[in-house]
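Copied from Swiss-Prot, the annotated features are:
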TRANSMEM  64-84  transmembrane segment
TRANSMEM  97-116  transmembrane segment
TRANSMEM  123-145  transmembrane segment
TRANSMEM  149-169  transmembrane segment
TRANSMEM  186-206  transmembrane segment
TRANSMEM  219-239  transmembrane segment
TRANSMEM  275-293  transmembrane segment
TRANSMEM  310-330  transmembrane segment
TRANSMEM  343-363  transmembrane segment
TRANSMEM  391-411  transmembrane segment
TRANSMEM  452-472  transmembrane segment
Amino acid sequence: MSSDNLDISMEKKYSADVDVEKAPTPEYGEVETAPLSQSSWIYRRPRIGRFKSLAYGSALTQTIIVSWVCFLCPGMFNALSGLGGGGEVNADVANDANVALYSTFAGLGFFAGSICNLIGVKLTLAIGGTGYSVYTASLLCYKHVYNRGFVIFGGCYLGLTAGMLWAAQGAVIMSYPREENKARYIAIFWGIFNLGAVIGSIVPLAQTMHSSVNSVGDGTYAGFIVLMAVGSALALFMVSPEKTVKEDGKFVHIEKSMGWKKELLGLVQTLYKEYWVLLLFPMFFSSNWFTTYQFNDFNLAYFNIRTRSLNNLLYWFAQIMGSAVAALFLDWQRFNRVIRARVGWGLVFVLICVIWGGGLAFQLKYTRKSVAESDFVVTDFTHRGYTGYAFLYIFYGMLDAIFQSYAYWIIGSLSNDTNKLAVYMGFYKSLQSAGAAITYRMDTLNIPYMNYFASCWALLCGSLIVASPVIWKKIKLTTEGIEDEIPPLANGLAVDGPVVPLKE
């Protein structure tokens, strides 16, 4: 039976009845199909001039929606954090809040994948976005009334909700694309997500360009709060995973949650049966270890507010470039997935050594004691030698994106199942946050800059070495799993090709 005849038979079948029926396909026999009257509109691709838009129910569209949620929530949060000290002169309060944030994030994040499987991606993402506006509101409040308790509460609440947001985000980004497109989807997400930080960085840069004030204004905080609230609401417009269609015409695979007890049991079973995933934990742990150093001990310590804002803009723009470079290589079909995984490991390792080696030359110029002295002059972008510092910060941003894109790609290469990837992503963000919590506390305790710098370099290199057995032994040419056995759709979408609109 041809696909054209199949489309005609489907239209006849649903013309008089909207009940779910069984439709035959050439390869798989009967598959359950959705009634046209209930679902057809989300698979249409309306024309805009000469071009067809993406179907609303396509995996790419849903990935873009998730990316815009992260653009507005953690993207704006990153823009604020990148200024150092949450935009304030004194980083101690923001550091304490971040310790609370990442400690709670680490605790809940380990179970966030199970929560996502239980209540669904859409609701998990929406709830997860609410913490960002609350946290930013607490910083605005502190600026006027010095309510330290509210800032700590804001950090705790954000830690609880952010774990949920990132578990849902990871499940979508890693399970919605086809295997050969996973790095491209990661790059699309990373580009849009960090565009939020880029645009968010322009606002304080514009406000402080001709100002001698060393902290951001009320308008900046208020703008961030509004945008973050909009981002949380945007998540409610997503299509459920089971109604989302991949590029090959298959539904995204997701199993219905069986309740809290079985979700927690599944979490334990994952660690027991796939014990080798523990070798990836140091990589997860170190993936944000360096950000406190870069934001507080590099950017905040050495530069004035307008230069920090400019550095922030360059850093997040470099992240977009870094993720694009990673995607070009990791999805390069000239080499199979095993080769890309192994060569990628070597390239990331070399980049870490080269870039952090350059950072050592900069770090030797100052200490925590020297920047605290009254005669220390913070650097402005008009000062001689600033260009070299700017390029170092750009390379730091690119390396962050490349390292995390590679980590995402490795996780996504281990499975195609949304539920399992949500659990993996919970592990990733939990351990990442545990590392961040420790580093913010280390910064509050005023450990020497050089000690912190050395720990960053050592952890990044060491974590790759520990992860190498998984990369060498567990990354296969393709991932065999339940998802790969799901029959294609027979509801007017292509049986063995890309998504086709039901109606023009």
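Cβ from N, Cα, C; glycine included.
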Considering the transmembrane segment (310-330), which listed stretch of 64-84, 123-145, 275-293, 343-363, 452-472 counts the most C-beta pairs under 8 Å: 64-84
Sequence-remote partners of the transmembrane segment (343-363) [C-beta within less than 8 Å, at least six residues beyond its ends]: 298, 326, 329-330, 335, 388-389, 392, 395-396, 399, 402-403, 406, 409, 449-450, 453, 456-457, 460-461, 464, 467-468, 471
Any contact, the transmembrane segment (275-293) to the transmembrane segment (186-206), with at least 3 Cβ pairs under 8 A: no
Tertiary contacts of the transmembrane segment (452-472) (same chain, 6+ residues out, Cβ under 8 Å): 276-277, 279-280, 282-283, 285-286, 289-290, 292-293, 297, 341-342, 345, 348-349, 352-353, 356, 359-360, 363, 403, 410, 439, 442-443
Positions whose Cβ lies under 8 angstroms from the transmembrane segment (64-84), at least six residues beyond its ends: 54, 91, 94, 98, 125, 128-129, 132, 135-136, 139, 162, 165-166, 168-169, 172-173, 188-189, 191-201, 203-204, 216, 220, 224, 227-228, 230-232, 234-235, 237-238, 291, 295-296, 299-301, 305, 308-309, 311-312, 315-316
